[in-house]
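Chemist: Before I ask anything, here is the structure I am working with.
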Amino acid sequence: MAAQVTDALKNLKVKDPNAVVESAAEAKANGNAQPEAEAEDSDDDDEEPVNGEGAGEGGAKKKRKRKKKPKKKAGANPKVQSSPPRVLLSNLFPSGEYPVGEEVEYRDENNYRTTSEEKRYLDRMNNDFLQEYRQGAEIHRQVRQYAKANIKPGQTLTEIAEGIEDSVRALTGHPGLEEGDNIKGGVAFPTGVNLDHIAAHYSPNAGNKTVLAYENVMKVDFGVHINGRIVDSAFTIAFDPMYDNLLEAVKQATNTGIKEAGIDARLGEIGEHIQETMESYEVEIKGQTYQVKPIRNLNGHDILQWKIHGGKSVPIVKSNDQTKMEEGEVFAIETFGSTGNGYVRDDLECSHYAKVADAPNVPLRIASAGKLLNVINKNFGTLPFCRRYLDRLGQDKYLLGLNALVSHGIVQDYPPLVDKKGSYTAQFEHTIVLRPNCKEVISRGDDY
């Protein structure tokens, strides 16, 4: 190493090459010693000697203090999201105002039941409600942007699902490990990573080693909630371009559903338009041509606070359902297309569960069932959960109790839904809010 010039050497004055330099002790005895505070540099203050008019060879020099430079705090007020997403979203939007989704005017003028002034007033009254939804939607966009750019063949489904869920927890600021924290905000339901003929409700349980392959078609369905306001949105990933038309058919069918939705829109008619759009597409896979079929026993749905399925269903095929959408309602418009039968059934190991909102109060003979129900009530309420979430909370040996809760009708199980083996399915989904003056596609992004 090269020798460094110290401050003590810099301040040393040599009057004469032959002169003897005073020692520290001699300087002190002669009254020439500098105060210790001035003899040392400070991190905050730098001093510069300034020659005064009367300063001679042995005279004292005046000193000027530099202004303190404000120290920058590491990570203070970040302006952009990290990679992977870990910056709390509220730090990126300190005003508490979050990006507005896509605002779409209603097509039917008869849907305007109030004046423009009244509608604007109602929108202002709903501001807290809308900001919670918009916050959740922006988190969904940022998390999926990273996920879509980084999901690659060779990753396990567990890595993919947990990566998404960890990002959601970080951006909402709710890790979900403390009692009740997940009910305030965070992951709204288990992340679905559904391959090929599996259309929905597949999330890996502990020990699952399934690996994503280049030839797979994977539906990624995840949710974010703030104070129970659930943003439910899904997309499909395929690496092989031969599946492009399948994905495009379903994406456009979902956009058709959004276009037809609105105050007083009849659910059965929306399904008819969705079906027409999807069936207008064909896809050639491995030399065989398929018409893209809507999966007729899967539907969109309304969303209530802390309840992913509110009671209304939005069909994706023509039906006689005359039920109308109403002002203020929130809907998940989702469509599923298939190269198979266009019909799904329960199959494979179950991972998804949810407590029934109006569950019966029945005596539980299995002690572990009562203990588990207490954990579910305090950590999930009526939000869906999966076995991995129970594992994460430190629960073990709970399967007997969980099955007992299911058999008593207290908890509903949601097994994976599959079309025929060898077929391929795709899904796209958005959450919309029927505001008084327009419908807002809350989860809309640049990607879909």
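Keep in mind that glycine also has a Cβ here, set from the backbone N, Cα and C atoms.
Model, not experiment: these values are computed from the prediction.
Residues or ranges marked as substrate binding site by Swiss-Prot on the basis of sequence analysis: H201, H309. Annotation comment: Swiss-Prot describes D221, D232, E429 as divalent metal cation 1 binding site. As annotated by Swiss-Prot, divalent metal cation 2 binding site applies to D232, H301, E334, E429, with the evidence given as sequence analysis. Annotated compositional bias 'Acidic residues' per Swiss-Prot: 37-50, in sequence order. Positions annotated as compositional bias 'Basic residues' by Swiss-Prot: 61-74. Marked as region 'Disordered' by Swiss-Prot: 1-94.
Just tell me what is around each of these and how deep it sits.
Modeler: Listed in sequence order, G192, N194, S351, H352, Y414, P415, P416, L417 are the same-chain residues at least 6 apart in sequence whose CB falls under 8 Å from the CB of H201 (substrate binding site).
In three-state terms derived from DSSP, D232 (divalent metal cation 1 binding site) belongs to an extended strand segment.
Within 10 Å of the Cβ of D232 (divalent metal cation 1 binding site) there are 28 other Cβ atoms, across all protein chains.
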Chemist: Could you check which of the binding-site residues D221, D232, H309, E429 is the closest Cα neighbour of H301 (divalent metal cation 2 binding site)?
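Modeler: Answer for the nearest of the binding-site residues: H309.
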Chemist: Would you mind reading off the Cα separation of E334 (divalent metal cation 2 binding site) from E429 (divalent metal cation 1 binding site), to the nearest angstrom?
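Modeler: Distance (Cα to Cα, whole Å): 4 Å.
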Chemist: For the divalent metal cation 2 site (D232, H301, E334, E429), what does the 8 A shell look like? I mean other same-chain residues with CB within 8 A of the CB centroid.
Modeler: D221, S233, A234, G300, I303, F331, A332, I333, H430, T431
Chemist: By CA-CA distance, flag whichever of D221, D232, E429 among the binding-site residues is nearest to H309 (substrate binding site).
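Modeler: Its closest listed neighbour, by Cα, is D232.
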Chemist: Which are the residues of the chain, D221, D232, E429 excluded, whose CB is within 8 A of where the CB atoms of the divalent metal cation 1 site average out, their centroid?
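Modeler: Those within range, site residues removed, are G192, F222, G223, S233, A234, A332, E334, Q427, T431.
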